[in-house]
Amino acid sequence: MPKRLEEMQRDLWTYLLLVWITCIPYSSTAPFANQSRSLQSGATAGHRGPNEGQRILSRAKRGWVWNQMFVLEEFEGPDPILVGRLHTDLDVGSKNIKYVLAGEGAGTIFSINDKTGDIHAMKRLDREEKAEYTLMAQVINRDTNEPLEPPSEFIIKVQDINDNSPQFIEGPYVASVPEMSQVGTSVTKVTATDADDPVYGNSAKLVYSILEGQPYFSIDPNTATIGIALPGMDREIRDEYMVVIQAKDMGGHMGGLSGTTTVTVRLTDINDNPPKFAKNFYDFVFPEDLGLGKPGGKVKATDKDVGENAKSIYSIIGGNEKGVFEITTDSQTQEGILMIKKPLDFEMQKHFNLTVEATNVRYGPTGPYKDTTTVRIAVEDSDEPPIFTRPTYVLEVHENTAINTVIGVVTARDPDATGSPIRYFIDRHTDLERQFNVNVDDGKITLAKPLDRETDMWHNITVTASEVRNNSQISRAIVAIRVLDINDNAPEFAAEYEPFVCENGKPGQVVEMVSAVDKDDPIQGHYFEYRLVPEMLNNPNFTIKNNGDNSISILTKHDSFRRQKQEMYFLPIIVTDNGNPPMSSTNTLTIRVCRCNKEGTIQSCNLEAYVLPIGLSMGALIAILACIVLLLVIVVLFVTLRRHKNEPLIIKDDEDVRENIIRYDDEGGGEEDTEAFDIATLQNPDGINGYLPRKDIKPDLRFEKRGHLFTS
């Protein structure tokens with residue numbers, strides 16, 4: 001630290017000497033160049049003004065004597081530093097001249113001796129804070145404060161010294177470069193700044209160098225570009241370096257200030273390493289009943305690279321000619337997963353030797369990197385379920401085939417070496433109506449119930465096969481049974497026809513077009529034959545005509561149809577199919593006679609339209625009948641009410657007749673005595689109709705079979 005302070009003081013005095021050498025000659029010659037004019041102007045003014053008291057009307061000339069002033073920054077001393085001196089040609093020893101200073105820093109940073117014009121800096125200046133100050137100088141009369149000359153502007157510049165060290169504003173830095181890069185490959189560029197004046201001297205001229213990081217990296221001293229200095233830098237050996245960069249001003253010479261920063265350089269990965277299996281041989285045991293697509297074993301090849309450069313894909317390049325195995329790559333763990341594509345059969349092949357290859361996804365500088373290993377697989381015997389000769393059976397049987405007829409056979413075998421016998425069953429969930437049976441020993445399927453193709457054309461059942469020695473080993477096969485058609489259904493009309501004929505119809509008019517349907521489904525298709533029943537062959541009213549498309553037309557033979565004569569006609573028709581043997585049925589058409597308008601539209605088909613009075617419609621007839629029924633109901637109600645009104649109020653049942661003997665203690669007064677008792681009281685002891693029993697007589701009521709008879 002003392003050495004550093006000594007260097008700064010030496011530099012300061014050097015700059016002061018340079019300033020003195022530069023400024024003294026100019027200051028010594030400049031006043032004399034202007035002084036003749038200033039003195040001349042000042043002498044004329046001094047001769048006439050004070051002595052004669054006359055006001056000078058001529059234009060005053062500026063007579064300042066100074067140069068641009070300089071002051072060193074960061075100067076400290078016991079006394080204010082002299083910056084410069086102002087002088088005017090008016091100053092010829094007169095005591096009434098006063099120098100005045102105004103502007104930036106006047107009175108605070110800079111002071112002036114109002115008599116001599118000396119300017120001093122009273123504070124330490126920093127060029128990096130403010131490089132120059134603009135001030136105004138003026139000469140005034142000390143007594144009257146009136147200006148003797150116009151004010152003049154001048155500048156005081158702060159001269160720089162090397163008091164600021166270089167700074168890396170953006171540091172510390174982080175950079176990356178691919179591993180194995182060639183020497184001279186650019187890594188990054190750093191930048192330092194110096195607050196000193198870049199124009200004056202070398203205070204801001206920077207030179208860069210590496211303090212730490214050699215021999216791996218180098219730096220250009222002027223551009224500060226960092227590059228690779230050592231070939232073969234391998235990320236797998238070392239992936240990160242710390243480089244310390246120094247920036248020094250003064251062109252790097254002694255006494256210059258310096259600053260440092262760090263650059264963290266990371267080597268990025270390239271695919272320069274192949275995958276490598278951990279073992280040359282892998283041994284696995286696969287159960288014989290391992291499911292398709294289920295993992296049976298895993299292999300893994302590791303790669304020193306990272307990221308995408310470390311990813312590999314696996315493939316089987318040998319020993320898998322039959323395509324029994326496949327291998328997939330787990331993207332998360334980078335493992336090769338072995339699975340089976342086809343079922344294993346211990347009885348057919350017990351061992352497999354596979355060659356598995358791992359290849360990098362990305363190519364390296366010399367092509368794809370790969371490695372191989374051998375996988376030995378041993379098949380473990382398992383108790384397998386029976387195997388049907390076919391997964392699906394299709395059987396055919398004619399409908400109405402006799403019960404217990406064998407319609408087909410299913411066959412299964414035990415693939416194991418033990419060869420267990422097989423038993424067969426029908427899954428009754430697929431045969432709820434129990435229409436089929438299977439022989440448990442030989443797999444023959446027989447009918448249990450008659451079949452009807454028109455009800456169900458197909459039956460799908462499931463037959464199971466299980467080992468006798470191990471009932472848990474079960475296999476299933478689907479048996480599709482197709483019911484074949486026989487001609488067991490007669491054709492019939494396709495619809496319920498309602499034909500009619502108009503009274504004013506013409507002979508040969510089409511009454512109805514009739515077609516037929518048949519539930520059977522012959523291979524050659526349907527063909528129907530229509531004919532009238534034998535007794536109707538000479539029908540005088542209607543005839544039939546074959547349309548050639550399995551339909552017929554009903555035609556009229558005359559135009560004399562009348563409802564008064566016959567309201568409807570019945571026409572039986574025989575329909576026969578072309579089956580073997582042929583089936584036929586008789587269907588009867590009911591043809592009504594209707595009254596139609598000229599366009600043939602029905603107006604009425606009922607005979608009562610001619611019987612009812614003219615103008616009386618069916619709605620009117622219904623209203624009349626409703627009125628008659630209502631009157632009958634009223635009459636019946638009236639008669640019933642009258643009958644009930646003629647009956648007595650008290651109805652006595654013959655079975656409810658009781659004999660009452662009432663004894664009184666007093667004698668009666670005969671027929672005229674009406675106060676002894678009242679019959680109404682006896683009939684209604686509670687005082688019906690307002691009659692109450694006498695309180696002074698206490699009757700002795702007793703029911704007997706003899707004496708007087710009272711009914712109540």
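First residue shown is number 1, and so on along the chain.
Glycine is no exception: its Cβ is also placed from the backbone N, Cα and C atoms.
Where the annotation comes from TrEMBL, it is an automatic prediction and has not been curated.
The average pLDDT the prediction assigns to the domain 'Cadherin' (88-168) is 85. Annotation source TrEMBL lists domain 'Cadherin' at 88-168 (among others).
The annotation domain 'Cadherin' is assigned in TrEMBL to 169-277 (among others). Under DSSP, the residues of the domain 'Cadherin' (169-277) split into helix, strand and coil as follows: 3 helix, 46 strand, 60 coil.
What TrEMBL records for 278-388 (among others) is domain 'Cadherin'.
Secondary structure by DSSP for the domain 'Cadherin' (389-493): 3 helix, 48 strand, 54 coil. The domain 'Cadherin' annotation in TrEMBL covers 389-493 (among others).
The domain 'Cadherin' annotation in TrEMBL covers 493-615 (among others).
Annotated transmembrane segment per TrEMBL: 12-33 (among others), in sequence order.
Residues annotated as transmembrane segment in TrEMBL: 610-639 (among others).
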